[in-house]
Amino acid sequence: MSKENMSNEGKCPFNHGAAGTNQSSGRGTSNKDWWPNQLNLNILHQHSPKSNPMGEDFDYAKEFNSLDLEAIRQDLFALMTDSQDWWPADYGHYGPFFIRMAWHSAGTYRTADGRGGATSGTQRFAPLNSWPDNVNLDKARRLLWPIKQKYGRKISWADLMILAGNCALESMGFKTFGFAGGRVDVWQPEEDIYWGTEKTWLDDERYTGDRELENPLAAVQMGLIYVNPEGPEGKPDTLASARDIRDTFGRMAMNDEETVALIAGGHTFGKAHGAGDAAQVGADPEAAGIAEQGFGWSNSMGTGKGVDTISSGLEGAWTKSPIAWDNGYFENLFEYDWELTKSPAGAWQWTPKDGAAANSVPDAHDSSKRHAPIMFTSDLALRDDPIYAPISKRFYENPDQLADAFARAWFKLTHRDMGPVARYLGPLVPQEELVWQDPIPAVTYVTVNDQDILDLKAKIQASGLTVAQLVSTAWASASTYRGSDMRGGANGARIRLAPQKDWAVNQPEQLAKVLSVLESIQAEFNRQDSTKQVSLADLIVLGGSVGVEQAAKASGHSVTVPFTAGRADASQEQTDVESFAFLEPAADGFRNYLKGKYTVSAEEMLVDRAQLLTLSAPEMTALLGGLRVLNANVGQSQHGVFTDKPETLSNDFFVNLLDMGTKWFATSEEEEEFQGRDRTTGKIKWTATRADLVFGSNSQLRAIAEVYACSDSQERFVKDFIAAWTKVMELDRFDLA
């Protein structure tokens with residue numbers, strides 16, 4: 001070896017800095033290290049086409065609709081009993097394993113923000129692929145790989161994992177409620193999801209007070225899907241466990257009956273794995289060495305698989321027939337008295353007292369061995385809790401009711417985050433309308449044409465409603481949309497129904513006035529021709545278009561805001577009030593609204609809202625600046641209305657925000673509201689909130705604001721505002737391919 005080579009040995013090969021320093025791409029001290037509280041705008045630019053190997057023209061719906069669904073189902077049925085030496089199937093059947101995989105893919109969903117769930121296939125990526133609750137599910141996905149490889153682009157990983165769970169149930173004698181495709185894979189972790197602040201797996205710093213779980217979280221510990229099966233904090237208290245179950249399953253949109261059905265149905269199958277000390281289990285997939293090729297949790301006990309498998313740490317099966325649908329779960333739960341014991345791994349679990357049923361359960365891999373059934377603390381909670389107990393007893397006595405409830409709850413679990421039925425694909429979609437799907441009536445009439453739209457616009461313009469009223473009402477209707485679970489939006493006109501009509505952010509008194517005027521216009525139009533109708537949902541959005549067009553005209557721009565009819569009006573009976581309550585914004589920075597005081601800053605909540613609306617940073621900037629000058633704040637607040645000509649679509653917000661003649665001062669120690677004073681005279685010129693000033697404070701947002709503040713940017717601003725506005729108005733138009 002030459003002296004030159006010897007002198008370079010062990011040094012970094014990348015010339016990004018001084019020779020020999022460790023500055024390869026992506027390493028080194030980051031901005032986040034220097035400024036940990038820096039506003040995270042990266043969540044607005046996730047899932048770039050550059051990260052997607054399928055290409056921008058890839059149409060997954062088209063590909064899925066060309067899939068031979070029955071053929072892939074038969075392949076999945078065959079896989080269930082095709083045990084592999086590298087990961088042998090318990091009881092010779094992979095069904096329970098795939099149920100757990102599908103459940104844990106879907107079970108991260110939470111109602112508070114609609115994030116998590118199965119719809120993006122993110123169990124493939126960190127952190128989910130390495131959560132303690134997902135131990136060994138890397139093997140389940142590898143078992144599926146030959147099928148994924150065979151069918152390629154015709155089925156996403158997200159759909160395949162759920163379909164495998166359905167086929168697993170069916171292969172063991174259970175009749176499922178249905179299956180819908182349509183889940184589109186992402187190609188990187190979802191950075192917008194808040195999983196908690198804990199730095200250690202299974203920590204539970206998310207609780208305060210009397211075990212109050214932090215919002216929007218829906219799991220008791222970092223790295224768990226729901227609850228600790230041993231009991232809260234590992235303590236085998238069944239009633240305390242029931243409280244955790246009710247809280248976490250409720251946050252995942254399940255009521256008490258659905259919760260009991262899911263736990264009982266899921267635990268009818270398979271077994272838990274805790275053959276030995278968890279210290280024998282190696283690094284998770286994300287931390288494992290490169291030679292492991294994405295496999296994690298290497299187990300040094302015995303063969304490291306089969307009888308030696310260590311996953312949850314609990315050990316055993318719930319029923320005597322772990323690969324068949326029956327009523328064995330409730331039979332065991334109610335027909336035995338249970339005593340506390342520990343698994344070989346040291347985890348708390350329960351077995352029948354006095355050795356009862358000691359040989360009723362077959363061994364998963366050795367036909368010469370028999371075992372007693374086991375229950376988790378979270379299972380006995382279904383017997384001991386005063387609310388769960390009668391539900392459990394009813395299912396025990398009426399197995400047909402359990403079967404129906406589990407089928408429906410499983411379908412809800414695995415489809416809750418897919419949005420409305422309009423997004424469902426395939427021949428197995430059930431026909432029954434379910435209220436949690438936020439149903440909207442089909443459009444069975446002729447919709448308005450171009451001339452009708454012009455006539456309706458003229459009537460709205462002559463109605464006496466102001467630009468601010470029209471714009472704020474349309475925004476209130478459409479901006480409930482959440483890209484996380486595809487709920488909300490203008491379609492359905494649910495803004496006229498409970499609970500949305502009563503939300504403070506929607507200014508109920510003004511809203512009622514605007515809706516009354518629009519309903520009169522709707523009624524007059526619909527009386528003319530019974531075959532041609534306009535929905536209130538369409539009219540609300542069209543009213544917003546009128547407001548924007550009038551405001552643009554006032555600034556010297558003649559524009560037409562794109563509008564496509566076809567929305568329908570949902571009924572109150574089609575609207576689950578309790579479920580829709582989760583869509584009420586705690587904050588809407590676009591309307592300068594805060595419902596209360598929060599530990600999260602107003603600007604962070606603005607970015608979070610923008611992310612749920614699938615907006616980019618430029619779209620967020622253009623929209624907020626436009627809504628301010630259109631006077632669309634809640635309560636007509638003048639915070640951020642940096643213009644002397646409100647209801648005119650100008651770039652004044654940006655021009656005046658960046659004016660160095662203004663100096664800003666907080667009005668209190670909380671630094672939530674501010675006054676902008678003339679630097680020379682000290683006279684108050686403007687007032688603002690953090691959601692306004694962040695566009696001058698944050699360097700990235702200021703750079704965008706500067707674009708719109710330039711003297712040659714007025715036309716560009718109007719164009720960009722209208723494009724972003726139209727995007728929000730159509731976010732829930734899944735009928736517009």
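Every residue gets a Cβ built from N, Cα and C, even glycine.
Feature annotations, courtesy of Swiss-Prot:
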ACT_SITE  His104  active site, proton acceptor
BINDING   His267  heme b binding site
COMPBIAS  20-32  compositional bias 'Polar residues'
REGION    1-32  region 'Disordered'
SITE      Arg100  site 'Transition state stabilizer'
CB contacts for the residue listed as 'heme b binding site' [other CB atoms within 10 A, all chains]: 27
Listed in sequence order, residues with CB under 8 A of the residue listed as 'active site, proton acceptor' and six or more positions away: Gln123, Asp133, Asn134, Leu137, Ile225
Number of Cβ atoms other than its own within 10 Å, given for Arg100 (site 'Transition state stabilizer'): 25
Cα distance (Å, whole number) from Arg100 (site 'Transition state stabilizer') to the residue listed as 'heme b binding site': 10
Local backbone state of Arg100 (site 'Transition state stabilizer'), from DSSP in three classes: helix
Secondary structure at His267 (heme b binding site), reduced by DSSP to three states: coil
